[in-house]
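Sequence annotations record features per position, and here Swiss-Prot assigns ATP binding site to Gly8, Asp9, Val10, Gly11, Gly12, Thr13 based on sequence analysis.
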Amino acid sequence: MTHFVLVGDVGGTNTRLALCDAMTGELSQIETYSGLDFPSLEGAIRDYLDSRQVTVQDACIAIACPITGDWVAMTNHTWAFSIAEMKASLGLRHFEVINDFTAVSMAVPVMGRESLLQFGGGEPVPGKPVAVYGAGTGLGVAHLVHVANQWVSLPGEGGHVDFAANSDEEDNILTILRQSLGHVSAERLLSGQGLVNIYRAIVLSDDRTPEALEPKDITERAVNNTDVDCRRALSLFCVIMGRFGGNLALNLGTFGGVYIAGGIVPRFLEFFKASGFRAAFEDKGRFKGYMQDIPVYLITHEQPGLMGAGAYLRQVLGSAL
């Protein structure tokens, strides 16, 4: 009889829930809920299980906020809960709550090559550290290391490190953003709002008034080559993505690969392919040669968070990934 576990991927807007085969990791009965439809995460979970008349003993939920103890309070949603209390209320044997990029990183060891698109470098070295990052509403970051026959995710808040300008143009952007933001983190440039920040800073640097554009407006104008400021902004976004990914690679020597997740890059994939991303990734001065063999992949799988939550829980339950 198939042993199903519950997995979830909770963002600021939507919550995705699914059943996962504890032996194979196969996902089934994926459903997306609006976060506005339920007063609590537990309410969404109960609705999912009750509508299917299914009982589970084990669950893993990936959630877009720091997980530092028993109390979880989402930064971009009103939901908040005690892990221990929800575990008891749902009658679960195992209830794992992990950061969303912990889940994405845990998907890497079980993800097929058909779900990856490579941007330069050689082949990944088995067992070597991995870096995962992705721009969306914010900038998520995690590393993954292989220790004692298990994969261990190293989550953190790497998107909030200082933005490191490395050209005259980037210096100008940093100066302008600092005037309005104070501390300028990498996320202030590598996110949906970050793309808007780059565009505005480019226009302001020429003493002009920027338009009130959304990220999708900037992307469309850049891809269609109808606005030089938008094209400059998106080009610089790609370069900064490369620089930031290169920094992650240097931190742990990620010869297992650097993996890009998040919803932004797939929206302008052809533009990204032709951009200065890879050159910026390798642009580490004396360590350029070190960088050249490190592969970078774009994750194209539709549900890496659910896949990774399943992989994390399966490993907790004793399976080898």
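From the backbone N, Cα and C atoms, a Cβ is placed for every residue, glycine too.
Annotated features taken from Swiss-Prot, shown on the structure.
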| residue | record | Cβ neighbours (10 Å) |
| --- | --- | --- |
| Gly8 | ATP binding site | 23 |
| Asp9 | ATP binding site | 26 |
| Val10 | ATP binding site | 26 |
| Gly11 | ATP binding site | 20 |
| Gly12 | ATP binding site | 16 |
| Thr13 | ATP binding site | 13 |
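Shown in sequence order, Asn14, Thr15, Arg16, Gly35, Ala62, Ile63, Ala64, His77, Asp100, Gly305 are the same-chain residues outside Gly8, Asp9, Val10, Gly11, Gly12, Thr13 whose Cβ sits within 8 Å of the Cβ centre of the ATP site.
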